[in-house]
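Data first, discussion second: the structure below is written as structure tokens.
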């Protein structure tokens, strides 16, 4: 009982320390000034808990959408999964693959080859094919892109509908008029819940989604987005938060259909959408976002209140997002540069493509060359190539070859 009371006191002390008005509110404003009435409602931190069950509902909706709509649509549109060669069962290699690592080093390959009594090249090929078996199929990528495209379209137009008649969409200084005593409108509440629930659902499905090369950056992005949305809600940065969400959804509406047409092999449509996406992304993330959000939050807010912890914290989160924008912009600019030079869009550098494609083709070429050399050797040794239409070039080679076959 004493321990439970002590823990309860510690939890209450931590809660009181965390929610000090000096952290969350501008100087001169306390929580008493944020009391609700029948006609006036302010954001409450407990409201954020609703995003968790809503996120689980979105996961269920996504599963139903992918099975009932996206997968059948992929079949009708001609999206075909690549036939991947299966590996032969090998308990030693499978144990190493599942418990140690999926891509063994050279020394480990030689050790495994000795244990299995196999050539090292066959062991290397086994691991390549085994890794490919775990990679997502094309239909899975198509279904995932369809779901994201559907959500981003709904979210973007929801945001435009909600913000169209709001003054801060047109005059950015209105983001701070009366702050922090800005009543929460129901439309803004549900728009926030929609966005926050979606990013929580992405976190829940992250282990099962298609993993790309920027997987770590995606985790940072999701975490920063969730923290930013949650903090902006608790500190009543609702107006600036809605601008951030609309700006982000604008370019994503073009990214996902670009992937969809890429999976469908509609090359020209894919290239055109990619160029549109690149223009929208670069303009929205490197021009509109810094001016509409960063400059607005850093400078215009200072016309209303003095700096405090929440001011610095929200600006740090916004800068983290901007650094990620710069990172992805560099990748996109590189792809656009390749597109202009080569006239075709380079594969998404974030994608985890099948590594064995080139290796398998190289193996086949070597096998063909080997077979071709053997055939040429057999032809010449059997005397089909003759000089001046006379006897075989070298009967001794023919005899030696027959002797070798007997041996």
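Glycine residues also receive a Cβ, built from the backbone N, Cα and C atoms like all the rest.
Mean pLDDT across the domain 'Homeobox' (93-137) comes to 78 in this model. Taken from TrEMBL, the feature domain 'Homeobox' applies to 93-137.
Here TrEMBL flags 95-138 as DNA-binding region.
The domain 'TLC' feature in TrEMBL is assigned to 140-341.
Residues or ranges marked as transmembrane segment in TrEMBL: 145-164 (among others). Panel annotation: around the transmembrane segment (145-164), residues 62, 65-66, 69-70, 73-74, 187-188, 191, 194-195, 198, 242-243, 245-246, 249-250, 252-253, 256-257, 259-260, 263 of the same chain, lying at least six beyond its termini, place a Cβ under 8 Å from a Cβ of the stretch.
Residues or ranges marked as transmembrane segment in TrEMBL: 189-208 (among others). Here the transmembrane segment (189-208) has long-range neighbours at 43, 47-48, 50-52, 54-59, 62, 151, 155, 158-159, 162, 218-219, 222, 225-226, 229-230, 233, 238, 241-242, 245, meaning same-chain residues at least 6 beyond its ends whose C-beta is under 8 angstroms from one of its own.
Taking Cβ pairs closer than 8 Å, the transmembrane segment (273-292) reaches residues 172, 243-244, 247-248, 250-251, 254-255, 257-258, 261, 321-322, 325-326, 328-329, 332-333, 335-336, 339, 345 in its own chain, all 6 or more past its ends. As annotated by TrEMBL, transmembrane segment applies to 273-292 (among others).
Annotation comment: TrEMBL describes 312-337 (among others) as transmembrane segment. Counting same-chain residues at least six beyond the ends of the transmembrane segment (312-337), those with a Cβ under 8 angstroms from any Cβ of the stretch are 214, 217, 220-221, 224-225, 227-228, 231-232, 235, 237, 240, 244, 274-275, 278, 281-282, 285-286, 289-290, 293-294, 297-298, 345-346, 348-350.
According to TrEMBL, the region 'Disordered' annotation covers 350-407.
Among the features that TrEMBL reports, compositional bias 'Basic and acidic residues' is placed at 350-371 (among others).
Marked as compositional bias 'Polar residues' by TrEMBL: 374-389.
The compositional bias 'Basic and acidic residues' annotation in TrEMBL covers 393-407 (among others).
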